[in-house]
Structure formats: C-alpha cells, structure tokens
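Student: Not my notes, these are from TrEMBL:
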| type | residues | note |
| --- | --- | --- |
| DOMAIN | 6-395 | domain 'Major facilitator superfamily (MFS) profile' |
| TRANSMEM | 7-29 | transmembrane segment |
| TRANSMEM | 35-60 | transmembrane segment |
| TRANSMEM | 72-91 | transmembrane segment |
| TRANSMEM | 97-121 | transmembrane segment |
| TRANSMEM | 133-155 | transmembrane segment |
| TRANSMEM | 161-180 | transmembrane segment |
| TRANSMEM | 217-236 | transmembrane segment |
| TRANSMEM | 248-271 | transmembrane segment |
| TRANSMEM | 283-303 | transmembrane segment |
| TRANSMEM | 309-333 | transmembrane segment |
| TRANSMEM | 345-365 | transmembrane segment |
| TRANSMEM | 371-390 | transmembrane segment |
C-alpha cells in the first residue's frame, strides 16, 4: 500500500533541511578566513546553534500542545531560512555568529513539529516504512550536501548559507501549500493518550504525564535510542572518530571517504529497515542495530591494522545508525504517549543534550586516557542499551502495558 501524501511531503522537507545543513559544513573554514578568525571562534557557530536549539526545545515543549503543528513547522522553517540567509550576507563575524546561533531556534521548532506530525499521520501498519522513508531522505541529503557545499564555496564562501536558507524557505512554502489537509492537527493531551490506552491509563492513574512517560516501556526505549544516536552515532562519529583515524595514520581525504562509506551504509539500512520492522517487529531491528554498533566499535580498536577493517568499521556503524533511526521513530509512534507534546520534546531534547555531551566527554577521555578508552566506553554503553532493548522486547512479548 502507498504511503499517505503527507508522509512523503514531510520526508521531502527533511531532505531539503538535511541537504542544506550538509551544504553549510564546508563553508565554515572559508568563512573563518574571510572574517579573520580561527577554528575556536568559528566553532561557536556550531555550539551557539546547538544551544539555541536546546533552549527552544525546553521552552516550546510545555506550550506545544496549544499550537497547531503545521503552522509551527512552517514558521520554524521560515525563521531558520531567513536568519540563515541573513547570516550568509553578514559582513562581520559578530553578526554572523549572532544570526547563525538564533537560527537554531527555528531548527528546534520545525524539528519537533515535523516529528509530531509524522507520528500523527503515519498509518499504524506502515509506521516503519514511514519512518524509514524519513530517515532515508535525511540520509541522502546528509550525503549529498557536503559535495554541493564544496562546489558552492569555491564560488563564494557565503553562498552555501544563502542556498541553505533558500531551501528552508522553499520547504516552508511546501508546508503551507501541500500540508493544508493536516493544518488542524495538534499533539494530544494526557487525557487523549489515556483514552487511547485505557489499560495503561488505569495503571498510571494519578500520575503526571512525565511519570507516565517514564513508566512507558516503549518511550523509555525510544529515549535510550536517542541518547545513543546523539552521543555516539552523531557526536562521537562526527567529532571524535575522524581525528582518531588521522592519528592512527589515515589521511584526511581517506577519512572523508570512510565517512562517506558510513553515510551510504546508513541510507541503505534506513531505506530497508522500516518495511522489515513492520513485518517482524521493532525490537529485532533495534537489537540488531546495537549488535552492529558493538561490532563496529570493537573493530575500531584494530583499525590501524588494515584498511579493510577501517572500511568495515564505518560501514557497520552506518548500518547500526540506519537501522536505529527509523526504528526509534516507529517506536515513538507505537507508544501510547508518543503523540503528546512532552514526548516529542523529550525525544529531541535527549538528542540535543547527548550530541553536546558525547563529543565533550569523549574528547576529555581521549586526551586523559587515550582513544581506545573512548571506544571501550562506547561499547559498555551500547551493551547497556542492548540489554534495555532485550528487556523491552521481553516485556513486549509478555503483553505489558506500554510495551506492545
């Protein structure tokens, strides 16, 4: 059966966002040279953006239930698009950093809204396919963005930001024009979530929504997924592993190829995993993703021995990330509390926080004790996540509330 039009439109919007983000990455060093500042100063463009995302997530989550999701999505896209274009036109470093940082507020708004909308419109029997399409389109944009950005930056270092902002503005127009049929959808209230799952509501009677979420087996599993995704699959893979590979003897160019191998593997896995999880269940796919990640981090310990080991390590990590991304989104939609504003907010707050903590802690550990201990620590965390997935799988098999 075909997926609803709204699912495909949301996936297309995700593609426009991810390809734009990839376009910007190669421009930052050139912009630093243009503004006459170094690496540390330009890194504020990343940390400031992340901080604005996190603050907006924390602020927006409590009030999101009173808002319609389609306007929030459109406004978030337009706000980030316009501020990004303006940042691209900035003539000095201070203006650039200020505009680039506050654009993170728009990113947070449209990310939460698009996730909540996807959870609402994805059919229950095709949630895996829906989340798989979303992850695949995001991955394709992530892979193709840097190549396009590298081309644009040779023309003008400011051009990638202008193109990125323009793509977000196009996405905002697409949202207003083609998502009009879902313009009245909101996140559900606690009462609506309880009505959708009377048995779990009976066990959770008198509890706050936060306590209900923390007692929801599926939602806790989703939070663990996002923590692994932000801290390890995004944070450590993006910030720590490239440096490690160069330290053990690989050239920067070859490390770029290894990252591309991982990205392509991620796209392939995310494309196929959703349909499979609809057929065999979410937990087998989730457990498989953790096993692949454990194997990957173990192989990284021996990546200096042979090029083939390095290639397999990145391919396995991409496989793990692809399997998990679509599965986590489907599990959020499966959760009886997944359509609440708090669930959507916590889903992305977890990612933002761990994406900041992961590289920071990893860098401290690497400098103090050596890179192998970062990998060993990652393996320990992945084993704990695998144990949580197996526990959730067992509870699901027993038919416990919040574990279906």
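Using the three backbone atoms N, Cα and C, a Cβ is placed for every residue, glycine included.
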Student: Please check if the transmembrane segment (248-271) comes into contact with the transmembrane segment (97-121), where contact means 3 or more CB pairs closer than 8 Å and the residues in each pair are separated by 6 or more positions.
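Tutor: Contact absent: fewer than 3 Cβ pairs fall under 8 Å.
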Student: Examine the transmembrane segment (97-121) against the transmembrane segment (283-303) and state whether at least 3 Cβ pairs sit under 8 A, considering only residue pairs 6 or more apart.
Tutor: no
Student: By a Cβ-Cβ criterion of under 8 Å, what residues six or more beyond either terminus of the transmembrane segment (345-365) are in contact with it?
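Tutor: Contacts with the transmembrane segment (345-365): 47, 50, 53-54, 57-58, 60-62, 64, 108, 111-112, 115, 213, 222-223, 226-232, 234-236, 238-240, 332, 373-374, 377.
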Student: Please tell me whether the transmembrane segment (217-236) and the transmembrane segment (371-390) touch - that is, whether there are at least 3 C-beta pairs under 8 Å between them, with each pair 6 or more apart in sequence.
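Tutor: As far as Cβ distances go (cut-off 8 Å, pairs 6 or more apart), the transmembrane segment (217-236) and the transmembrane segment (371-390) touch.
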Student: Return the stretch with the most CB pairs under 8 A relative to the transmembrane segment (371-390), choosing among 7-29, 35-60, 133-155, 283-303, 309-333.
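Tutor: Most contacts with the transmembrane segment (371-390): 283-303.
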Student: Could you check whether the transmembrane segment (283-303) and the transmembrane segment (161-180) come into contact, where contact means at least 3 Cβ pairs under 8 Å with the two residues of each pair 6 or more apart in sequence?
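Tutor: Per Cβ check, the transmembrane segment (283-303) does not touch the transmembrane segment (161-180).
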Student: Could you pull out which residues elsewhere in the chain have a CB under 8 Å from any CB of the transmembrane segment (35-60), counting only those six or more residues past its ends?
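Tutor: Distant Cβ neighbours of the transmembrane segment (35-60) are 28-29, 92-93, 96-97, 100-105, 107-109, 111-112, 345, 348-349, 352-353, 355-356.
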